[in-house]
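S.K.: I'd like to ask you about the structure that follows.
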Amino acid sequence: MLIVETVPILRREIRRWRQEGKRIALVPTMGNLHDGHMTLVDTAKGQADIVIVSIFVNPMQFNRPDDLAKYPRTLQEDCEKLHQHGVNLVFAPADKEIYPDGMEHQTYVDVPELSTMLEGASRPGHFRGVSTVVSKLFNLVQPDLTYFGEKDFQQLQLIRKMIADLAYDITLVSVPTVRDQNGLALSSRNNNLTADEHRIAPELSKIMRSIAEKMAQGERHTEQLLTQASSQLHEAGFVPDELFIRDAETLAPLNTESKKAVILMAAWLGQTRMIDNQQVDLTQ
């Protein structure tokens, strides 16, 4: 497995694989890898000849400098895991490699509406940072396929629209959220939970599943469902942050034409912000 830190070497290796007719997959990450990331990698391994994983803690998508400073950097451990899973190349650039002129003078990629609604409303600039760095990685790697988890659902839809709008010749493969045996969505943030918080954390997905079951049975009073969910989260020990039920394709409010809904939940548990989502088929 190659570990590459610079753009020229990355391009050299990609050029070689292209000349050999290889099918290339890109899995963008910020490191601190867990089994959810490994599922992305394993899915890519089954569909491509070459798997490239980027590890870059993107400063552009952090709203608060202290969050950026606290984000775990575990490159050695990450590379060991990726080697065991048969990854061909890890691209782990420094900030200067991605933003050689600094972020103040960087050209941005902004996806209208999707970047400022829902979670984007409370994290101004976050999704612009995501779309900019992913666009840059796409330009550098020029993959045939790219892999994103469904856990960050708004991010997934944002990248999907960016690929369509900018005419990237890239197939986006979405991979279902990986959960532990209690139903808790795997996340790097779970490492920040105390023992008591770990015990409480699965309640988030249980409450979400309860909403999904009611909607699958025909319930459409979404505001009432969300009010009940907020009360249940409070009772369980969470501080609700953002609770939405939206059209899964557009993330707009549900309407009579919506075929699939997505329940989007974010809540604080102690000092950790937990997020989760679940899609619901509305056509049955």
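The first residue you see is number 1, and the count goes up from there.
A Cβ is built for glycine as well, from the same backbone N, Cα and C atoms used for every other residue.
Pasting the relevant annotations from Swiss-Prot:
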BINDING   30-37, 149-152, Val178, 186-189  ATP binding site
ACT_SITE  His37  active site, proton donor
BINDING   Gln61, Gln155  (R)-pantoate binding site
BINDING   Gln61  beta-alanine binding site
S.K.: Fewest other C-beta atoms within 10 angstroms of its own C-beta: which of the binding-site residues Gln61, Ser188 fits that?
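M.R.: So among Gln61, Ser188, the binding-site residues given, the one with the fewest Cβ atoms within 10 Å is Ser188.
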S.K.: Do you know offhand how many angstrom separate Met30 (ATP binding site) and Gln61 ((R)-pantoate binding site) by C-alpha?
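M.R.: Distance between the two Cα atoms comes out at 11 Å.
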S.K.: C-alpha of Leu33 (ATP binding site) to C-alpha of Gln61 ((R)-pantoate binding site): distance in Å?
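M.R.: Rounded to a whole number, the Cα-Cα distance is 18 Å.
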S.K.: Using a Cβ cut-off under 8 Å and a sequence separation of 6 or more, which residues in the same chain sit near Gly36 (ATP binding site)?
M.R.: Gly149, Lys151, Thr177, Val178, Ala185, Leu186, Ser187
S.K.: For Glu150 (ATP binding site), which of the three DSSP-derived states applies: helix, strand, or coil?
M.R.: coil
S.K.: Count the Cβ atoms, other than its own, that fall within 10 Å of the Cβ of Glu150 (ATP binding site), considering every protein chain shown.
M.R.: 18
S.K.: Is it possible to get the count of other C-beta atoms within 10 angstroms of the C-beta of Val178 (ATP binding site)?
M.R.: 18
S.K.: Around Gln155 ((R)-pantoate binding site), which residues of its chain at least 6 apart sit with Cβ under 8 Å of its Cβ?
M.R.: Phe127, Val130, Phe148
